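Participant: Swiss-Prot feature annotations, pasted as is:
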DOMAIN    1-56  domain '4Fe-4S Mo/W bis-MGD-type'
BINDING   C8, C11, C15, C42  [4Fe-4S] cluster binding site
ACT_SITE  K44  active site, electron donor/acceptor
BINDING   R110, U140, N176, 179-180, 201-202, R204, G221, N223, M297, Q335, D404, T408, 428-429, S445, D478, 581-582, H585, S587, 678-679  Mo-bis(molybdopterin guanine dinucleotide) binding site
ACT_SITE  U140  active site, proton donor/acceptor
SITE      H141  site 'Important for catalytic activity'
SITE      R333  site 'Important for catalytic activity'
Amino acid sequence: MKKVVTVCPYCASGCKINLVVDNGKIVRAEAAQGKTNQGTLCLKGYYGWDFINDTQILTPRLKTPMIRRQRGGKLEPVSWDEALNYVAERLSAIKEKYGPDAIQTTGSSRGTGNETNYVMQKFARAVIGTNNVDCCARVUHGPSVAGLHQSVGNGAMSNAINEIDNTDLVFVFGYNPADSHPIVANHVINAKRNGAKIIVCDPRKIETARIADMHIALKNGSNIALLNAMGHVIIEENLYDKAFVASRTEGFEEYRKIVEGYTPESVEDITGVSASEIRQAARMYAQAKSAAILWGMGVTQFYQGVETVRSLTSLAMLTGNLGKPHAGVNPVRGQNNVQGACDMGALPDTYPGYQYVKDPANREKFAKAWGVESLPAHTGYRISELPHRAAHGEVRAAYIMGEDPLQTDAELSAVRKAFEDLELVIVQDIFMTKTASAADVILPSTSWGEHEGVFTAADRGFQRFFKAVEPKWDLKTDWQIISEIATRMGYPMHYNNTQEIWDELRHLCPDFYGATYEKMGELGFIQWPCRDTSDADQGTSYLFKEKFDTPNGLAQFFTCDWVAPIDKLTDEYPMVLSTVREVGHYSCRSMTGNCAALAALADEPGYAQINTEDAKRLGIEDEALVWVHSRKGKIITRAQVSDRPNKGAIYMTYQWWIGACNELVTENLSPITKTPEYKYCAVRVEPIADQRAAEQYVIDEYNKLKTRLREAALA
């Protein structure tokens, strides 16, 4: 029996785990002494590992390459040589016929690791010749990256998660740490124990609201109106840090002019928050010696997501809560390596290390390093644009790695149509997902636990994860698969191990250069920027100590007028749907749904959280099946009745197959980042009279879908 150190493959807290291996099989997980988790884990950390053993609770592991010879036909098992040759030939032909931008690729924010994401974006740019590479940050924290880049020059958390423990105030805005990042929630609790004030801003009574000094239960979709009113109070009452504003920022007067029009009284109807509460929150935040803002997708998944990020950041600038310990702006990234996927350049506008593709010097640098004459100068397509790009014939092929857009993207009917329109769909994954079932080519890869590499935690912390067991089937690592396709397409790409890849990318990224494999070791946690390979440089806990990463070193004030969400409530669709997370399952559920303990927590068709008064008015009982309708479709789900949701809104998680709430969500893309407005969809909830028939319908539909995916996986 042995123990292998790794990093949890679920959320981005970056928890260290010891996998206990007996006779070549993982038998349990134990908490390790990681910097963030400090010997603790959540239930996913303890019980979220047995998917690797192909439990087939939900869907089987992919075990051999497969090709679908014609649309409508079955997937057929083939050798690796045949599959890789086929992919190389088809991609080359599409590139030749339609141009490189006819091919869309994705990185993966899950267990593939930073090295694989680096190789994938290099493949897209140097081999295909396109910047069409993206990752799931597009549908979650893309607005955080864009907004923070504009405001402070850096799109990541400005503080270490551990710093939360010793701040004087935690401002939790549009973020549910107990469900999304339980170990981060522990640090919020630590802060409370240490005397910190807690402000929670969320329409629901989330778990953190139970320990909050103040819970601002604002109306769905009113974020900017509230933030502008808080800024108004801080300036009006002379609570802002004049020295910080004068020496380290610019744009204050323009900001002041906008928030002047947002008195607390003027936004009471918009926000549903009293003027006195707004003033109390503004004073509490401004008067704290140090204050850390934590936000999640309750900020970013709105049409005005980027603007909300910048408005939050302006509050921090206004009060001098940047560039010092325990104070800052912190988008707590969702999936375990979504920060890493962005760090590695799995974005359509940046090379690794956030070096922008439109800068000629950056293009020249990476072209030289990768041995190509030139690289494309224009920003690539976003993955959320795929339905539109495919419909207009701009994208003809998609190479999807470790993502399940047919489950996780908005307006799923449009996404399905896009995949039908494509000439070639390549899926590289570990499970037969909905997206994999639509593929023309399946490339089965090793899983977390079967390979090694580096993840980046939400707070910029590089950590190594290690191989625990040998893969049982005919699998290759993700970076090996991509490298072999590149070589077959005439671009020799040969790596012997992940360290060779890591060292290549380090030398191209000054902020990452000092984070060597040796320095990370088993339990090391190196937060970029880390620019020196010496042991003296252990990374950077908090950012902006001396200057901001903007061109002139100054933070940029910004806000704008509040605009109502795009989807409108009507008599036909009188309630708001907001998609959320839950603690027991993760993302598209392909991993957690195949873990025995986690799968036992809940099953299809999932839940719609609904307020007790709304349920009573509609004649809906707790646990009853209901129909939820939107302008884009309808789904069946189970009512979860309580006083936690606000009246007039329902909340659903997106991982369920039958109760797939993304069937309902209208995309309503942000004009800046093309992030869908998952947090505001007009819906109607209807009770179902014949509950017995509805229960049987769920069972039948679930079994049909599981059977279809299992048959596809077994070819």
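Just so it is clear, glycine is given a Cβ too, placed from its N, Cα and C backbone atoms.
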Participant: Which of these binding-site residues has the least crowded Cβ, counting other Cβ atoms within 10 Å: C15, C42?
Facilitator: C42
Participant: From the centroid of the CB atoms of C8, C11, C15, C42, the recorded [4Fe-4S] cluster site, which same-chain residues not already listed sit within 8 A by their CB, in sequence order?
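Facilitator: So the additional residues around the site are Y10, S13, G14, N37, L41, K44, G45, H181, P182, I183, N336.
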Participant: Helix, strand or coil by DSSP: which one applies to the residue listed as 'active site, electron donor/acceptor'?
Facilitator: helix
Participant: When the domain '4Fe-4S Mo/W bis-MGD-type' (1-56) is classified with DSSP, how many of its residues are helical, how many are strand and how many are coil?
Facilitator: 9 helix, 21 strand, 26 coil
Participant: For the binding-site residues listed here (N223, S587), which one has the lowest count of neighbouring CB atoms within 10 Å of its own CB?
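Facilitator: Counting other Cβ atoms within 10 Å of each of the binding-site residues N223, S587, the minimum falls on S587.
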Participant: Distance between D179 (Mo-bis(molybdopterin guanine dinucleotide) binding site) and C8 ([4Fe-4S] cluster binding site) at the Cα atoms, whole Å?
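Facilitator: Distance (Cα to Cα, whole Å): 16 Å.
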Participant: Looking only at C-alpha atoms, tell me how far D404 (Mo-bis(molybdopterin guanine dinucleotide) binding site) is from K44 (active site, electron donor/acceptor), rounded to the nearest Å.
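Facilitator: D404 (Mo-bis(molybdopterin guanine dinucleotide) binding site) to K44 (active site, electron donor/acceptor), Cα-Cα distance: 20 Å.
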Participant: At a 10 A cut-off on CB-CB distances, which of the binding-site residues D179, D202, D404, D429 has the highest count?
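Facilitator: Answer by Cβ density within 10 Å: D429.
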Participant: Between D429 (Mo-bis(molybdopterin guanine dinucleotide) binding site) and C8 ([4Fe-4S] cluster binding site), what is the CA-CA distance rounded to a whole number of Å?
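Facilitator: With distance taken Cα to Cα, C8 ([4Fe-4S] cluster binding site) is 18 Å from D429 (Mo-bis(molybdopterin guanine dinucleotide) binding site).
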Participant: If one measures from the C-alpha of R110 (Mo-bis(molybdopterin guanine dinucleotide) binding site) to the C-alpha of R333 (site 'Important for catalytic activity'), what distance in angstrom results, rounded to a whole number?
Facilitator: 12
Participant: Are any of K44, U140, H141, R581, S587 (the recorded positions) within 10 Å of C8 ([4Fe-4S] cluster binding site) when you go C-alpha to C-alpha, and if so which?
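Facilitator: Cα within 10 Å of C8 ([4Fe-4S] cluster binding site): K44.
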Participant: So what's the mean pLDDT when you look at the domain '4Fe-4S Mo/W bis-MGD-type' (1-56)?
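Facilitator: Result for the domain '4Fe-4S Mo/W bis-MGD-type' (1-56): average pLDDT 95.
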Participant: Report the same-chain neighbours of R581 (Mo-bis(molybdopterin guanine dinucleotide) binding site): residues 6+ apart in sequence with Cβ closer than 8 Å to its Cβ, ordered by sequence.
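Facilitator: Non-local contacts for R581 (Mo-bis(molybdopterin guanine dinucleotide) binding site): N176, D179, S180, G334, T653.
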Participant: Counting distance between Cα atoms, which of the recorded positions C11, C15, C42, R333, S587 is nearest the residue listed as 'active site, proton donor/acceptor'?
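Facilitator: The smallest Cα gap between the residue listed as 'active site, proton donor/acceptor' and any of the recorded positions is with R333.
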Participant: Could you state the whole-number distance in Å separating the C-alpha atoms of C11 ([4Fe-4S] cluster binding site) and K44 (active site, electron donor/acceptor)?
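Facilitator: That comes out at 9 Å between the alpha carbons.
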Participant: Tell me the Cβ neighbour count for H141 (site 'Important for catalytic activity'), meaning other Cβ atoms within 10 Å of its Cβ, over all protein chains shown.
Facilitator: 35
